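**Q** Structure incoming, see below.
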Amino acid sequence: MSEPSTRSIKSKRWIPSLKGFRLGLYRLADRLNIPLADAAKVELEQHDTSSLESWSGLQRLPRSLYFNLPLPESELDDTGEAKRYFPRNKIRTAKYTPLNFLPKNIFLQFQNVANLFFLFLVILQCIKLFGNEVNPGLAAVPLIVVVAITAVKDAIEDFRRTMLDINLNNTPTLRLSNYHNPNIRTEYVSYFRKFKKYMSALFRLFIMRKNRKKEENTVSDPVPLQDLPTDGRPSYDSVFRESLDMKDPFEDPKGKEFGASGGIAAMHQQRAMDVVDYQAEGTGECHFKKVFWKDVRVGDFVKISDNEEIPADIIILNTSDPEGICYIETKNLDGETNLKIRHALSAGKNVVDEISCERSRFWIESEPPNANLYEYNGACKCYGHTDTNMLDETHVQSEPASLNNLLLRGCVLRNTRWVIGVVVFTGDDTKIMLNSGAPPLKRSRITRNLNWNVYLNFIILFAMCLVCGIVEGIAWRGQTRSSYFFEWGSIGGSAAKNGIVTFFTSVVLFQNLVPISLYISIEIVKTIQAIFIYFDKDMYYKKLKYPCTPKSWNISDDLGQVEYIFSDKTGTLTQNVMEFKKCTINGIAYGEAFTEAMAGIARREGKDSEQLTLEKRSFIDRDRMQMIAQMRNIYDNKYLVDENLTFISSQFVHDLTGKAGEEQSLACYEFFLALALCHSVVADRVGDRIVYKAQSPDEAALVGTARDVGFVFLDQRRDVMVTRALGETHRFKLMDTVDFTSARKRMSVIVRGPDNRYVLICKGADSVIYERLEQGERPNLQKVTAEHLKTFALEGLRTLCIAKRELTEEEYYEWKEKYSVASSAIENREEQIAEVADLIESRLTLLGGTAIEDRLQEGVPDSIALLGNAGIKLWVLTGDKMETAINIGFSCNLLDASMELIKFDVDQEVSTPELEVILADYLYRYFGLSGSNEELEAAKKDHDVPAGSHALIIDGGVLKRVLEGSMRTKFLLLCKQCKSVLCCRVSPAQKADVVHLVRESLEVMTLAIGDGANDVAMIQKADIGIGIVGEEGRAAAMSADYAIAQFRFLSKLVLVHGRWDYNRIAEMVNNFFYKSVVWTFTLFWFQIYNNFDANYLFDYTYIMLFNLIFSSLPVIVMGVYDQDVNAEVSLKIPQLYKRGILQLNSARKIFIGYMIDGFYQSVICFFFSFLVINNVTVAAQNGRDTMGMQDLGVYVAAPTIMVVDSYVLLNQANWDVFSVGIWALSCITFWFWTGVYSQSWYSIEFYKSASRIFRTPNFWAVLFGTMAACLFPKFLFMTVQKLFWPYDTDIIRESYRTKRLHEFDEEAAIESPEVSTDWASSTLQVPFNMSTSSFATMQKKDKDPVRLDTHSLSLTPSIPNTFGRSYSPSFMDGSPIFSDEILNRPPEFLPKRGSVSSSEQPLQPR
């Protein structure tokens, strides 16, 4: 290319392109959290993906990091610098910086339409043409106050995050200094950044001095730079120590393996991989030096000491443990507190100090940054060594690096003296930062619907301003009017211009119709509501010292509208504390247990479950004593704690000793030895006991039971597993482990015993293991074992299968080569490993199966019954098999004996059309539906609880096909008609799909609750996500909107706090708009007598302070403090919750009713005062009349504010000293401001108005007359409604206040009473005495009483008793009045428990 053309190309680089400018704006908007259009997102993503030469494009590619090796040419740019840019390790979770806080915060706040509207008003008032009578500074005060309060709140929140960021970024760690890192570019530090560094250092110095005393007490001794001793972990006992210190039996003195033929041994005997170049000479200048986390870069060597947090994502080269093992705590990542094992790369076993780090020569090929916390693919590569320790660059050795070799940022190193590693990801590329993205934005339903109210008010505001503009323009038209001769002329000069000016002036005048303080008031209210939830002692779990913790403070009112709850089973409904109960070995079942599911089966069969439980447990206790005695006679197992033994079977000990034959004895021995070997647990010493730490409680239960019966896993060193079977110590060499994954549903280990036999042991789900068994091998054993496992599942136990396969040495090493290739893959490693594992996990021999019990949490059955009575539908989404889920469903009251179970489980061979036919048949046969869109629309409007006659149980495989195809509508209608739905064997993605289907198709409020990381997708997809802090960690709680410790706390959270908060917010919003209408329309009525020229009736301070001070406190107190019934009654009468499901308190017709009420009261407030002043001349004491415009403003404002505050108080259900005191304070504030402000010369025309007007009797007559005329219709309406058409809450409140509500046990079920002889059954079924109630007068006076049908809000005749016993009214269609017979019945007359409808059950003695 010629030189001119080159110059022209370079010059064009400086010319900004339209596309580049547009993409820059997109990125800026994305950083500011401004939502982008789909087209913008696609364009930005396509540009970043296609432009691989850009830094963002390179980040999407796998990376290669070089250590003490020069970068290849492909990794360098034109200047010889590294082509790639890696982010700094400095992180910022704060939204703002000191420099951008004001502009960015104000920019974000003015994304709110209401704030923009009021900014527009302030700008209008700055123009004298529109705001001549208003001081622009004074006009901006309300907006400034709202923006300032929000900014202060945001600043406080962000300051905390900033301080955490500063502390974290300046945490010290050890990094290898004076080491040339070829992977990073030479960094240019601008003057501005130098200034920032200087200021940060000063600020950091200030903080350090402030907390010096605290740091001296808490900071441990400095970490020495020299290497720590490489002592191993302490041994447990003398025998154990001797077994570990013995020479490895799998190696001969010459270093060759026993049992290997010469050819195979030569094939697999290679020089071990080593990254250290022993011929290289170190400079001696490198040493580990303390630096801040923010100074750690990709490619650095770092050294982590015990109890230190990991500063970045690091691949482990070596640890202080001789086997290269270290222990980490991942509580900051997934909430799990149990320790996890990580292993160093075998190639880095000689990297022990600074010199070896400097002499190492290797490179790491790594996958690009991603958010998957449970997978990592990489490879460590280096040149081989010759016999003389020279590097052989023709031979490249490779070792796979997986998550097992990676320390993630945020983890804490435990029980390990030191770890040396290299940094692969820093800052925003680390997995914890990639997972710390903002959760999906959730807004409450009332907040979303609030836009409709605001738009309606905007329409009204536009109409009012348009009327003013048109009328005023017409009034100033022509020269025949008197004002033409007596006025100075119009502002606009023409009728059209006058109308336009008046229109915008009216916008300023009527601005309070859109209340600016509503949004900040809602934020304040919801914040206080969240505090109330947090400090509720009834939801505090003492065992974990954990309260109910709100994470999202803006959706508390949604808790009161939940119609569907989707729950995980394990750890959510159950304790996730696994106990090994039963097993089947060689076709014989062992174990005695009486589970909660078995008790439920007994109850369904009509047996006395309590008596049966006592008898069974007595037998189990006797068998326990006998079993322990027999085991002590065989072998005195010092690791057995008698009271912790969960597997009870004296028959097992009998067969283990060979009394049932040698074959069965060997089978029992092999079975439990397999359990002691096939796992990934860590053995830890607690006193004289061995405790197993496992990532899964199931695995800990299996190995723990093997220990209790005499097969003790002692420890694992390097690749040697030490066991003690019935007193004899054995060591097995662990050849390979194929880990468990949710896709594989199994785990395998390959071990070689002292007899040099290679054995594969596999455990997993029965469906997976049975597919891999040797065909035709002992079919009877397979059949019997399958029957046993099915029986175990029916008893509510979790089952696993155990199998083995003996391998030849040739088979193993042939498979090993393929497995090594798959393990070293950078991309699709998991899929390749699964394919290779299938090759060897075949032709298995069945050993038996296990059965583990996961007990229900305390209070789960009662909570589910309580939620069901409230009209909430509960679906269970679990990964367990169908039989286990069914029995848990019976145990927790989700299923009962009267239900017909629809089991939707078909073979995978069934085609999709056939599956659709089956689904349609179910839908039509059971419910007579066809699955049409019309039926779906009808289902959206039906919020009643389905009849308790059917329950659907569907398998995950069928569910996947149903959700992906065109059968979604039919499946949803089928589920809608069933009282209970259980989805079994479902994946996390399927859980989220089910929630999304119900939420979007039925347009209902959904809540998802779970405890594990596999529940996060479901929790985030639902309207409300609840995370349980449990045994599986806190991953769900960290991603949820609310975190609780036990499922039973959900009842109070939803039925009490949720219902309260929904009622409060709904009533608060309606009252807020009501008072705005009253205030604004009084100004509008004044325009009738003023040619609609938008003059102010009130002093402007009244307009400014009305929504901020004069009327805001009562509404806020209503939103924070009001409650119709207390918590105890809310839980006793859960049916009260149904109003929230039906959204009756937030219906638009109620909002319209408040608007009409406000319109009426505005008429009274203005015209009462105006007519009095206009027709009655009153002089003040100084002789001046009180007929001025400012005087009229006081006449109108005083009763208006008193009426508004009193109206809000009248709408409160709970009156006490606090609420009445706030009402009085708001009223007094008005009188105080009027009296004080009017005495100031700054009030100008308003001067001395208070002292002049308040002394006239007409003012007080107008005040009290207006209040009576405004509030009397509301009081009359409320009285008539409560007397003749009471809501359910009204009845409960009266019965509670008059103490006619019977006290009954909270745990007792609330049954529906008999239909009255004169009245229909209520929507609620509560003991209530009608004989002395004021509601009884209606029945006595009218033979055909009326009731309120809340669906149509029309008066309809009540239902006579001629309908008979078969009639069962829906929740909201019955009269809420109860009969005397029900409410005053003697104790011996009670409805039987378990009845489908109490209206079908006569009263009879028990």
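Cβ coordinates come from backbone N, Cα and C, glycine included.
Residues or ranges marked as active site, 4-aspartylphosphate intermediate in TrEMBL: Asp568. Marked as compositional bias 'Polar residues' by TrEMBL: 1395-1406. Annotation comment: TrEMBL describes 81-128 as domain 'P-type ATPase N-terminal'. The domain 'P-type ATPase C-terminal' annotation in TrEMBL covers 1037-1286. The region 'Disordered' annotation in TrEMBL covers 1378-1406. Summarising the annotation, TrEMBL assigns transmembrane segment to 113-131, 137-156, 452-476, 516-535, 1072-1088, 1100-1121, 1151-1172, 1192-1210, 1217-1238, 1258-1277.
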**Q** Suppose you look only at the domain 'P-type ATPase N-terminal' (81-128); what would the mean pLDDT be?
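**A** Result for the domain 'P-type ATPase N-terminal' (81-128): average pLDDT 81.
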**Q** Given the cut-off of 8 Å on Cβ pairs that are 6 or more apart in sequence, determine whether the transmembrane segment (1217-1238) and the transmembrane segment (1192-1210) share at least 3 such pairs.
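**A** In contact, yes.
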**Q** Can you work out whether the transmembrane segment (1072-1088) touches the transmembrane segment (1192-1210), with the criterion being 3+ CB pairs under 8 Å where the paired residues are 6 or more apart along the chain?
**A** yes
**Q** Sort out for me which stretch, of 113-131, 137-156, 452-476, has the most Cβ pairs below 8 angstroms to the transmembrane segment (516-535).
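**A** Highest pair count goes to 137-156.
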**Q** Other than its close neighbours in sequence, what residues sit by the transmembrane segment (113-131), given a CB gap under 8 Å and a spacing of at least six beyond its ends?
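**A** Hits for the transmembrane segment (113-131): 139-140, 142-143, 146-147, 454, 491, 501, 504-505, 507-508, 511, 514, 516, 518-519.
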**Q** Sequence gap of 6 or more, C-beta under 8 Å: which same-chain residues meet both conditions with respect to Asp568 (active site, 4-aspartylphosphate intermediate)?
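**A** Listed in sequence order, they are Val876, Leu877, Thr878, Lys991, Ile1009, Gly1010, Asp1011, Gly1012, Asn1014, Asp1015, Met1018.
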